[in-house]
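J.: Below are the C-alpha cells for one structure; questions will follow.
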Protein chains: 2
Amino acid sequence: MSENTRLRPGDTIGILGGGQLGRMLAQSAASLGLKAHVFCPDPNSPAFDVCAAFTVAPYEDLDALDRFAESVSVVTYEFENVPGATAAHLDAKLPVRPGVRALEVSQDRLFEKRFLSGAGVAIADFAEIDSQAGLDAALASFGGQGVLKTRRFGYDGKGQIMIRKPEDAANAFQAIGAVPAVLEALVPFDCEVSVIVGRDLDGSSASYDIARNHHENHILKTSTVPADVSDATTRSASAMAEKIVAGLDYVGVMGVEMFLLRDGDEEKLLVNEIAPRVHNSGHWTQDACLTSQFDQHIRAVAGWPLGATERHSDAVMENLIGADVDGWQSVLKEPQARLHLYGKAETREGRKMGHVNRISTRTA
Amino acid sequence: MSENTRLRPGDTIGILGGGQLGRMLAQSAASLGLKAHVFCPDPNSPAFDVCAAFTVAPYEDLDALDRFAESVSVVTYEFENVPGATAAHLDAKLPVRPGVRALEVSQDRLFEKRFLSGAGVAIADFAEIDSQAGLDAALASFGGQGVLKTRRFGYDGKGQIMIRKPEDAANAFQAIGAVPAVLEALVPFDCEVSVIVGRDLDGSSASYDIARNHHENHILKTSTVPADVSDATTRSASAMAEKIVAGLDYVGVMGVEMFLLRDGDEEKLLVNEIAPRVHNSGHWTQDACLTSQFDQHIRAVAGWPLGATERHSDAVMENLIGADVDGWQSVLKEPQARLHLYGKAETREGRKMGHVNRISTRTA
C-alpha cells in the first residue's frame, strides 16, 4: 500500500530482519519515540535486545505476518531479499517502505540494470546471460573479460565469477549454478565509492557526503569520508542517487554503490549496485552527522521530514569482521574511536560483529 | 562489593530504574555490545522497550532482587533514591556502581554537604535543622535569609522553601513536614552551571565542558554549551568535580551542579548538589561529543576505560516538559535539531517527555 500514513510518537514500526541493521534501526526508532516490532526467523537475532516486541517466525508464515501487520503502522526491512510473497502479503494490508518496487528491482541484477539505464544513470555495459553459449557470445563483445553474476541472491562477492582470460570463462555458467545471470563489463575503476541518499513521503531527497570504500575478501572493510573526489563528482553522485530514488518513488534510505573511474584529472562515476535499505558504507554517519542514516530511514519511513545530512567531522568506518572483534579493548583506548558492537553471541569468520567509527573533529 | 569486575561484550548490566535515564543507559549498553536488564516497579517503564530483559517488582522484593542479581554482572542505577536496603542487598552479591557510598551521601543533603566540605570543595554555608527553633537560630546567623530543604527525597524544587523575610520563616519547618532538614545560605549567584564528570575503575577521571543551566518552575529547561565562563572557571569546575568523584572512590558518571557567582571580572563557583548518575544537564553530550554521558557511564560501570569528552559542536539542550512535546513536528523541521523522545505514553504537566539538542557545528 502506498497510502500517505504518517506516524506519531508512540506508534510502532515493523522491521523485517533482526540483524545489525534491524538492530540499529530499532535503536533509532526508540530515540525518536517510536516503538519497533522486529520480525525474524532467527531466535538469536541481535535486534531482539533493543525492540519493544519481536516475532520469531519464517517469512512465509502468513498467520504470523498477519499478527505482525496488525501490531504495526508501517513496515520496513533491513535486507533486500525479502521474499516477494511476504512483501506482497504485507503490502496489501499496510504501507511497506521503501516499497515493493524497490525490492523487485534490487533483487534481480537484470531488472536493476534495466531500471538504472532507464533512469538515465551511467552504469557499466552488461548482458543478460542464460547459457554458456550466451556467456561466450557476450564475452566476445566485451573483449573477453567481465564479471559473471547471478541475477538473484548475490552478496559480499557470493554468486559471482571474475573472468579475465579464456580459462576463467570455460564452464563459468555452470560454476555459478547455471542460473539466470548477467555479465558486466570490467571497468578500470580507481575505487568504489557510495552515497547514502534519503527520500521522504513528500518527495524531498537528501544525500550524505560520498564515501570511499575499501573491500577485503569481497567484504566492506572501511569507508572513508571525505572520499578525496572533486566537487563535481560529489554533485554528480548526489544527482544520480536522487534520480534513482525519485525513479522508484522511494521512501527511506538507500545505499548506492558506484565505481569511480579516473582519466587524468577527469573523474567519472558508474553506478554498480543499489541497496534499498540502510547500508554498511553509511555507518560513519552515526558519529559524524547530526542525523545518522538509521535516524534518517526511520524518519522517512514514519512519514516525517528528512533530517540534515551535513557532516561535522571527518570519519573512517572500519568493520570488525570475525576475529577483528577480539580487538575491542584496544579500540576502547583510542580517543577518537567509537566502538559499535552488534551483540552477536558467536564470532564466525566473515561475520560482521561490529564496527568502529574513527572521527577527526575539525576543531581539534 | 567493590571487586574489580570487568565486563566483556555480551555480558549484562543491571539497571535499577526504568525512566528515561535508564532507557538511554540501556541504549548505550546495547551500542557497546552489552545487554541491559532493567529492574523497575512501574510496568510501563520507558526503558523496557530497549532492553534485553526487564523485571517488574518493588525495590523491596528481595527474591526478585536475587534473581536480578543472578542474571547480571554489575548493577547501576538511574536515580539516587535507591532504597538503602536494596543497594546493600545487591552490594553483598555483586558490584554496585557508582557505589553504595555515593548513594548514602547524595540521599541526604546534610551528609552531602559534610562530604563536600571535607573533600575541600567550596559550597554555600549551611546549618543542620531539626526544629523551628533551630531554624530561627540559623536564620539569625544567615542574615534572615536562606533556603530550607528536607535532608532527603527532594528533587525539582520539591521539599524546599525559600526564606527571604520573617513571614517566610514562620512555620517553615512545619511546612516542609517537620522532618530533618538543612538551611542553606542564599548566594547571589549569576547562574547555575554543571559539570558531568566520569571516573573509571582505575581512578582516571574526565569532565565534559561546563554547561549553563536555566530552570523554569524549578525544572531544568535548557543547558547551553559553551557556558560563557572563563577558562579558569572551567578548570576549577573540572578540578572540583574530579575531587568529588575521587573522594567517593566513584565509578561512573556524576552530575555536579554549581552556582556561578560574579564579582566584577571575578568568577567563583560553589557546589550546590551532586547526582550520582547521568544527569539531565548532560544530555547535550549525545549530539556534541563522540562519547555521550550515557556511553561514558556504561563504559565506567563495565570496568572499561573512559571515552573522550571533547566537544565537536556547540549545543543547546532543551527539555520537552509536559505539553512541550506536542511541538515534535516543528522540531523535526529544524535542520540543526535532534529530537529525543522517551516513549512515555501519557503526557502530564511537569513530566519530562523528551529533549531537543540544537547543534551548531563549528564547520558550518
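Cβ from N, Cα, C; glycine included.
Grabbed the feature section from TrEMBL, which reads as follows:
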type    : residues                                                                : note
BINDING : A:ARG109, A:LYS149, A:154-160, A:184-187, A:GLU192, A:HIS215, A:272-273 : ATP binding site
DOMAIN  : A:113-302                                                               : domain 'ATP-grasp'
J.: Sorted by position, what residues of the same chain at least six away from A:VAL187 (ATP binding site) have a C-beta under 8 A from it?
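T.: Once residues fewer than 6 apart are set aside, A:VAL187 (ATP binding site) is near A:ALA124, A:PHE259, A:LEU261, A:LEU270.
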J.: Far apart in sequence but close in space: which same-chain residues, 6 or more away, have a Cβ under 8 Å from A:ASN272 (ATP binding site)?
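T.: A:ILE123, A:ALA124, A:GLU192, A:GLU257, A:MET258, A:PHE259 - these are the non-local Cβ neighbours of A:ASN272 (ATP binding site), listed in sequence order.
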J.: If you count the C-beta atoms lying within 10 Å of each candidate's C-beta, which of the binding-site residues A:ARG109, A:LYS158 ends up with the smallest number?
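T.: Each of the binding-site residues A:ARG109, A:LYS158 was scored; lowest Cβ tally within 10 Å is A:LYS158.
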J.: Long-range neighbours only, meaning 6 or more apart in sequence with Cβ under 8 Å: which ones does A:GLU184 (ATP binding site) have?
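T.: Spatial neighbours, sequence-distant, of A:GLU184 (ATP binding site): A:ALA124, A:ASP125, A:PHE126, A:GLY146, A:VAL147, A:LYS149.
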